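Student: This is the structure, below, for whatever I ask next.
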Amino acid sequence: MTYNSSLLRLLDERGYIHQLTDPEGLDELAGKGIVPAYIGFDATAPSLHVGSLVQIMMLRRLQQAGHKPVVLMGGGTTRIGDPTGRDESRKMLSDETIEANIASIRTIFSRLLKFGDGPTDAVMVNNHDWLGQLGYIQLLQEVGTHFTVNRMLSFDSVKLRLEREQPMTFLEFNYMILQGYDFRHLCKTSAVRLQMGGSDQWGNIINGVELTRRMDGIEVFGLTTPLLTTADGKKMGKTAAGAVWLNDDALPAYDFWQFWRNSDDRDVGRFLRLFTDLPLDEIARLEALEGNEINAAKVVLANEVTKLCRGEEAARTAESTAQATFAGGGLGQDLPVFDLPAEGLGIIDALVGIGFAASRGEAKRLVSGGGARVGGVAISEDGYHIPGGAELRISSGKKKHGILRPAA
RNA sequence: GGACAGGUGGCCGAGUGGUUAAAGGCAGCAGACUGUAAAUCUGCCCGCGCAAGCGUACGCUAGUUCGAAUCUAGCCCUGUCCA
């Protein structure tokens, strides 16, 4: 459908909308005034990764369209563990870890959203603040009466687990109730009317919508984004070395930049729309590039996303490093560095030292497979001794490069 | 509490006394081809060691055996059904 509100138009044309509880209703509401909307984030790690970036960007769009983003940190629900889409319970995290994670995750939001006290300024809340207060009897009475077990069993998060005969603890079973309670709580205390999330959150979101309607008679809305996979069908956010973390201290800016630079051709347009602020006509021009030309679009993508998440400076440095290493065959300042002793260093030690191999055995395999190079020259002998004295480029494969620098 | 089934390498999954560091698949790494893309083909894929070899590893613990992922006992955990 075509939307009248700038919010839904923006989300729609940029590709964020997968499911929406009541399109007409929300369109009308968003056209009338400021809509506070929230997205929940887990605090299982000290940083979010690119899998969450769609959600974060969606809050940014919300703010761009003149509404109020509410970032919900799952300080309480992380202690439960969302069973959605997984067969195993989450390991328990200590309170200190969760609090530390939340503090660390906060940094990325402050880059992408404007926080403050104004009507459309973003705010961050932590559901531990209210869930932690909840008495068991009180919860059962207030909320428990609105959920039937019959219906709870019908949700995918539960049903799939049962069908696969995988264990689900009562603790996890309660997750959807608590997430539903969050929505209702935010509606009541902060006039939040919309919850957004990934497509796997549909069930959880619906619960909040239902609960709010039943308890308070207020219509709130839910919106999910499409499941983001790369064109070759993989889940977004996992890559070679692990997750693509958003925080500066969790993944070097150069690696972050490279992740985007290496996007699949078919993903470029979609990613530009979702993850950058570039105007749509510019994106249309970039994604129309063919063959070798599309690489220019990937550089733009990498620059723009890095700029947003890591800052202007980080993006520039990463780009010039890439330019120097790939086009020039030289060395960029952003590459990983390892000290080269005056007497030189064995190839195996160098590869392990700089982090291109996790063990000596792996380094040897790399060498015997022909993937190791020093100064651009392939090294096929694992006894090779790298001479000391001069700065050298060391490579694993075509993409991983580093600098061996004589120790000062 | 009882009966039955199960717990194998990052994941899935074969293996029921030696030739098994453990088939096969996925994921991963590298090579070729390219465009730092995709697809495809090839090699590698527990650690240490130049190597012979050593050390770890099949839920945990004890045992049988020249030898155990494979047999026995106890324990822990999970599922299904029964109480």
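Note that Cβ sites are derived from N, Cα and C of the backbone, with glycine treated the same way.
TrEMBL annotations: computationally assigned, not manually curated.
Okay, these came from TrEMBL:
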type	residues	note
BINDING	A:Y38, A:Y175, A:Q179	L-tyrosine binding site
BINDING	A:K238	ATP binding site
MOTIF	A:43-52	motif ''HIGH' region'
MOTIF	A:235-239	motif ''KMSKS' region'
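Each of the listed features needs to be described in terms of its position in the shown structure.
Tutor: Annotation for A:Y175 (L-tyrosine binding site): same-chain Cβ neighbours under 8 Å, separated by at least 6 residues, are A:T77, A:I80, A:G81, A:D82, A:P83, A:T84, A:S157, A:N204.
Nonlocal intrachain contacts for the motif ''HIGH' region' (A:43-52), taken as residues 6+ away from its ends with a CB within less than 8 angstroms of a stretch CB, comprise 73-75, 78, 90, 93, 98, 100-102, 104-105, 108, 228, 235-238, 243-247, 249-251, 259.
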Student: Restricting to the motif ''KMSKS' region' (A:235-239), report the mean pLDDT as a whole number.
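Tutor: Mean model confidence (pLDDT) across the motif ''KMSKS' region' (A:235-239) is 63.
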Student: Please list, in sequence order, the residues in the chain of A:Y38 (L-tyrosine binding site) that are at least six apart in sequence and whose C-beta is under 8 Å away from its C-beta.
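Tutor: Sequence-distant Cβ neighbours: A:P69, A:V70, A:V71, A:L72, A:V125, A:F183, A:L186, A:V192, A:L194, A:Q195, A:M196.
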Student: Can you see whether DSSP assigns A:Y175 (L-tyrosine binding site) to helix, strand or coil?
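Tutor: Helix, per DSSP.
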Student: List every residue in the same chain as A:Q179 (L-tyrosine binding site), at least 6 positions away in sequence, whose Cβ is under 8 Å from its Cβ.
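Tutor: Result: A:G40, A:T77, A:D82, A:N204, A:I205, A:N207, A:G208.
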